[in-house]
Amino acid sequence: MQLVIFFLMILTNTYADYPALKAVLSEKGLRDVSQMMAVWIQNKLKTIEIPEIRGGVDIGIGTVHYVISNMQVVQCRMSGPSMEFEQGTGVSVEVNQLSLAVTGSWSTRFGIIHDGGSFDLVVYNIRIQTLLGLGDEAGRLSITTISCSDNVGGVDIQFHGGASFFFQPFVSSFKGHISEMIHERICPAIQQAISELEDNLQEVTVNITVDKYIYLSILLTSSPAVTDQSFELDIKGEFYSISHPSEPPFSASAFFVQYAENYMLSLAASEFLVNSAAYAFLSSEVLQINITDNMIPKSFPIHLNTSQFGAFIPQLRTLYPNMEMQVLLYASKTPLFSFSSGMIDLHVSAAAKFSAVQPDGMLVPLFRLDVDGSFSGSALIDNKHLTGDFKMKNLTLTVGSSEIGDFKTAVIEQMLVIAVNSFAIPKLNDYLKTGFRLPTLQHFSLVNSKLLIKNGFVVIFTDVEDSWTV
């Protein structure tokens, strides 16, 4: 049943007009869920409590009193269950040929004659039909039992111990008792289990902390959409800054995902999801870095000192001769991603504040350069890892402000382009070549995954496996 919870959690009002995340479970996924559902049903039925049975049977010369006690379900076998989507409602579950093995103790009393022993009992050909409703409760997935019915086919019993013939008359009576008691407890046991699952769903956090800076909201934006072939959840999928939560100056757009019948699950994310993450990081003031000369590769022809930069900005040599420099590089606007057929584009607006470092460590502001860059890349899933490759499309450099007078940036721009293409991009692509391992939830992982980049969103078609069993 943990796999069921996995789907209900990952497929789990909102400020965005449209969802940024979509999750679609196919019929193939539902079939695989049914295999786990079989284990879950068996485990739940094993917990059925069967109370002690007391009764009496008139044998003509008196009454044989009997007690059946210590009954426990020790085994549960079934084929199935079969699960189907019920359009507009949820999922129907049907179990056939379910059998339960029960052990217990018996005792009889007829006057001064006492007898007793143990027994093994099999309840067979049990049939269960349940309809589960799927909805939303305050942005969380909700599951309820709409209907439940069951039927018990028959009972076989083997008594052990006891030499008296007085226990024989109550056998047929006992079969009827146990059959009715099992029948009366099956649906309540399932309803109780569904209720417990619902309680767990309502306790699932809808704000997932990613790191110390941002969190992800996974509230549902609408009730689940159930067709006769799939189950779709629309999820907010918006990142927020933990320290400065606010809405970005852009909004989510509508997108449509067609489920893939050959995969269990389709997971799609729009541009809004990644762009809201960029905005959340920007709001958290973490998209910045202080660059010092010891961070620049020794092989690079230009280093952070006024003597070398004086070749491009002559007044530096005059105003601040032979001084180290430091650069505060930061995003001046939210980096924006866009998805088109097979490609990922990234636009970056940044600023670089240059300062001279005095002998006492004090910084002297020099100038600010504004950087505008665009990059393109691709992504794919390779051996359970999300990998990618990027290249620079364009980069321009302009003077934003200056405390040392005017100067030209053409040569500095050329050097920056060389630095990005020679050092930054190769280092990024080396990192992306290794990639990020696809996420897991508890011990379930994504397998046989395929990533496609569409207009405005990316989608992963995937199967799910229990990593503890492979």
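Heads up, the Cβ atoms here are built off N, Cα and C, so glycines get one too.
Please treat TrEMBL annotations as automatic predictions, because they have not gone through curation.
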* Scan Cys76, Cys148 and flag the one TrEMBL records as disulfide-linked to Cys187. => Cys148
* Taking the Cβ of Cys148 (disulfide bond) as the centre, count every other Cβ atom within 10 Å, in any protein chain shown. => 18
* Taking the Cβ of Cys187 (disulfide bond) as the centre, how many other Cβ atoms fall within a 10 Å radius? -> 17
* Asked: Average pLDDT across the domain 'Lipid-binding serum glycoprotein N-terminal' (25-244)?
  -> 85
